[in-house]
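Before any comments, here is the structure.
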Amino acid sequence: MILRELSANSIKEKIIKREITAQEVVEDLFKWIGLKESLIKAYISLDKEGALLKAKEIDEKLNNGGRVGLLAGIPVAIKDNICTWGMKTTCASKILENFTPPYDAFVVKRIKEEDAIIIGKTNLDEFAMGSSNENSAFHVTRNPWNTDCIPGGSGGGSAAAVTADMAFMALGSDTGGSVRQPSSFCGNVGCKPTYGRVSRYGLVAFASSLDQIGSITKDVSDAALLLQVVSGHDCHDSTSANVEVPDYIAGINSVNNNLRIGVPKEFFGEGLNPEIESAVKNALGIYKKNGAELIDLSLPHCGYALATYYIIATAEASSNLARYDGVRYGHRSQLSEDNIIDMYSRVRAEGFGSEVKRRVLLGNYVLSAGFYDAYYIKASKVRNLIKSDFEDAFSKVDCIISPTCPSPAFKIGEKITDPLEMYLSDIYTIPANLVGIPGISIPCGFTTTGLPIGMQLMGKHFEEEKILRIAKLFENETDFHLKKPGLK
Amino acid sequence: MKYEVVIGLETHAELDTESKLFCGCSTKFGSEPNTQTCPVCLGLPGVLPVMNKKAFEYSLKAAVALYCEINQFTNFDRKSYYYPDLPKNYQTSQNYFNIGNNGYVDMVVAGKEKRISIHNVHLEEEAGKLIHPESSDANYSLVDFNRAGVPLLEIVTQPDMRSIEEVESYMQTLRNILLYIGVSDCKMQEGSLRFEASISLREQGSAIYGNRVEIKNLNSMKAVSKVLTYEISRQSELLDKGEDVLMETRLWDDVNSSSRRMRSKEESHDYRYFPEPDLVPFWIKQEWIDETMATIPELAVSKRQRFVKEYSLSDYDAGILTDDKLLADYFEECVGLSQDSPKELSNWIINDVLRELKERKLNVQHFVISPKMLTELVKIKPTIGSSIAKEVFVEMINTGKSAHAIVKEKDLVQIDDTSELNEIVIKVIGDNPKAAEDYGQGKKNALAFLIGQTMKITKGKANPKILTELFKQRLSSISQ
Ligand SMILES: [Zn+2]
């Protein structure tokens with residue numbers, strides 16, 4: 001048995017049963033990180049000292065017979081766009097390279113309260129803008145399955161850390177697929193809950209109406225555990241939903257009767273890698289064998305999802321990123337400044353990478369007088385059409401299954417010069433963000449070159465429990481989630 | 001004048017809430033810079049706004065008091081521009097669905113009624129404040145974010161005003177309404193009430209508006225009057241010379257009493273408004289509007305008319321009493337305690353109470369003489385006489401004691417007893433035979449002398465009316 005390869009639930013059980021101490025788990029993990037991090041580069045910063053301190057606290061609590069939280073002793077990695085009090089939160093951007101938040105994000109507060117051990121902050125595309133991790137201002141994270149490949153984005157650091165057993169679970173953020181796509185590329189379970197299910201307070205905003213914090217874990221049970229802790233209403237987020245959170249942990253093992261699974265033809269068309277298509281079709285066959293009814297359906301407006309997304313997301317991003325001006329915090333140019341406009345220009349020219357600049361420019365353009373109606377308003381209308389497509393679909397099915405991505409992880413540098421090609425990588429994940437519904441990516445196979453393939457399950461608003469349960473059914477029938485990359 | 005003046009006004013009023021619009025920070029004025037800030041109002045990464053319910057209610061109240069149509073669906077929008085006092089480089093404001101539209105303010109200018117249309121009323125957040133170092137070669141500025149995020153109500157009129165007098169009357173009336181409904185303290189010296197004016201001139205009788213000039217940075221009503229006087233003469237001079245007035249935004253310089261160009265129309269900002277995704281839309285149900293309507297007190301304009309009718313006060317006096325809602329309430333409380341003397345109570349308040357309040361820079365709420373105390377004084381005034389009543393009034397302020405107590409303590413009750421007074425009169429005449437003689441010879445001021453002597457003896461307590469009668473009787477009987 002190799003400790004670090006255990007699931008979060010299993011390691012927690014061992015800690016609680018005092019078969020092993022939380023400190024031993026942390027020590028073991030950091031030893032492994034010391035060996036492999038230079039290759040994988042999943043992290044932007046690590047906090048061994050803080051992790052050991054927390055581990056000691058948990059061990060002492062257990063020794064004294066005290067009560068421990070739901071995440072007792074589990075080492076967790078956090079995407080570096082989620083604010084951590086006293087720990088740098090850089091968004092993988094030069095502009096926030098030295099920014100230390102004076103407060104904890106809602107989710108960070110929650111996992112701390114449940115005795116999780118935060119081990120470090122993971123790499124991402126700058127401000128979560130990207131699908132490969134190549135837009136990080138600091139370094140490119142590598143895919144543990146093939147280190148010539150990208151781990152996906154923007155949450156590639158979190159996904160790679162979990163896959164390489166350098167964290168037991170991780171928090172990410174998903175604006176257009178940033179949890180699900182890297183989970184698919186790295187062979188993890190990545191869940192993006194319903195918009196409003198998990199408070200965004202403390203998540204550095206990219207596109208406010210699309211951003212949602214999610215989980216990257218080794219299996220479905222771990223996803224249920226982490227979501228159980230971070231879900232729920234938060235009065236500091238006006239868009240946070242005051243909807244009761246069911247017991248996910250118990251819920252995933254309930255029986256799925258009369259399951260109706262929707263198969264949308266738009267997600268199986270042109271551009272889909274045939275190996276992925278056959279893996280997902282194979283998975284659908286497993287569901288059918290288990291009594292599910294497969295229903296062909298159409299989501300006709302999904303063809304416009306990508307275009308709609310890039311208007312709304314860039315519009316919101318251009319405004320959300322306006323605050324990085326060097327006035328109150330963040331990067332300040334060393335060059336002399338003649339006036340305030342000069343200062344703004346230098347700070348932003350030096351502080352932002354090219355993809356961020358591209359999106360800020362796009363966003364400002366679509367919001368400009370004379371273009372607002374043609375772009376932003378039209379995109380908002382199309383977004384509503386896509387929503388009704390899904391509403392119609394969910395009147396007939398319990399869950400919609402599709403590939404998570406049209407292709408497996410690609411080579412570092414392969415798509416970086418072609419932003420449009422890169423954007424296509426999120427074509428299947430974006431609709432769930434536009435509609436606000438939950439989506440989960442689970443491993444469903446491997447390519448002949450040994451790269452993981454992910455399958456996406458989407459459910460109705462606030463029906464995370466149902467899609468987790470359906471995902472669990474598949475996991476029980478297969479062992480894709482147990483496969484490990486050969487990092488030894 | 002050859003030209004007709006067309007003026008519209010934007011008023012910014014800070015709402016009088018305890019905490020800021022989107023966070024729990026205090027809105028107290030005058031604290032050490034940056035001591036009333038938090039991650040939210042500093043625009044740190046990751047923070048989100050939460051609407052201050054009170055600020056929203058106040059805005060709704062103002063919109064209702066200004067007879068606006070209330071948008072049952074109201075939403076906030078981001079207004080983007082870069083300025084170092086704006087933490088997020090966008091201001092959360094309203095553009096597409098303001099809380100209120102198409103309202104009006106009724107006012108009286110030079111005895112004539114006039115209605116000013118309100119284009120919209122909306123809620124937004126304040127910016128911080130830049131502090132520029134005094135030294136001219138300083139290469140930095142400082143920012144104080146204490147004010148950033150204070151709720152700000154913006155009230156925009158149609159270009160309905162045709163003279164400076166109308167603008168002044170509008171500002172007074174609007175200020176009065178905001179004070180009456182209790183949503184803003186309207187303290188101009190603290191920047192709680194600020195204005196922006198737009199002004200254009202056109203030939204009398206012309207149906208087409210002239211080129212409009214907007215003037216920002218008007219921090220008092222006085223500044224508005226000054227800038228408009230300045231602009232009217234600047235623009236008429238240009239038009240007289242046959243030149244065009246440029247469409248532009250000008251900035252008022254209060255120190256030099258002049259305006260200068262800030263930007264031309266071509267350079268005007270594109271604010272790139274779009275719906276604020278961090279706040280959810282608000283649905284204002286009719287019941288909420290009705291409930292709000294019920295909380296709007298009788299406003300000054302109607303209160304003034306009622307005071308004239310109900311208490312037979314002059315329009316002028318009613319105007320003074322109703323200018324301040326608290327004063328009007330004070331008056332009505334007095335009247336409630338003593339229905340038979342509204343006119344006299346009004347005189348006391350306008351002459352004596354207001355004078356003392358002004359001297360002491362006090363609000364009537366904090367005045368030591370309560371309505372009950374004032375009414376009591378007015379009630380016992382006939383027993384002590386007007387001049388002693390004034391002294392008692394001062395004594396009441398100094399000691400906080402009631403009129404009764406003071407009168408009793410100082411034995412100030414008027415001597416009304418005729419036989420008692422008669423004895424004194426006989427004594428005074430006996431002591432001053434010369435004066436009595438003079439009176440008999442027709443020297444009328446001899447009587448005043450004798451009365452004065454009597455007052456000396458009685459310490460002013462003799463009832464002057466009875467006293468005069470007694471002297472007249474006695475002296476005429478002597479001379480006969
Ligand atoms: Zn604050």
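Note: Cβ is positioned from N, Cα and C throughout, glycine not excepted.
What you are looking at is a predicted structure, and each value in this text was computed from that prediction instead of being measured.
Here A:Lys79 (active site, charge relay system) comes close to A:Lys121, A:Thr122, A:Leu124, A:Ala128, A:Gly155, A:Gly157, A:Ser158, A:Ala170, A:Leu171, A:Gly172, A:Ser173: these same-chain residues lie at least six apart in sequence, with C-beta atoms under 8 angstroms from its C-beta. Taken from TrEMBL, the feature active site, charge relay system applies to A:Lys79 (among others).
Look at A:Ser154 (active site, charge relay system): DSSP puts it in coil. Spatially close to A:Ser154 (active site, charge relay system) yet at least six residues away along the chain are A:Leu124, A:Asp125, A:Ala128, A:Met129, A:Gly130, A:Ser131, A:Asn133, A:Asn135, A:Ser173, A:Thr175, A:Ser178, A:Pro182, judged by Cβ distances under 8 angstroms. Marked as active site, charge relay system by TrEMBL: A:Ser154 (among others).
Here TrEMBL flags A:Ser178 as active site, acyl-ester intermediate. Neighbour density for A:Ser178 (active site, acyl-ester intermediate): within 10 A of its CB lie 36 other CB atoms from the protein chains shown.
Taken from TrEMBL, the feature domain 'Amidase' applies to A:24-468.
A:Ser178 (active site, acyl-ester intermediate) falls outside any helix or strand according to DSSP and counts as coil.
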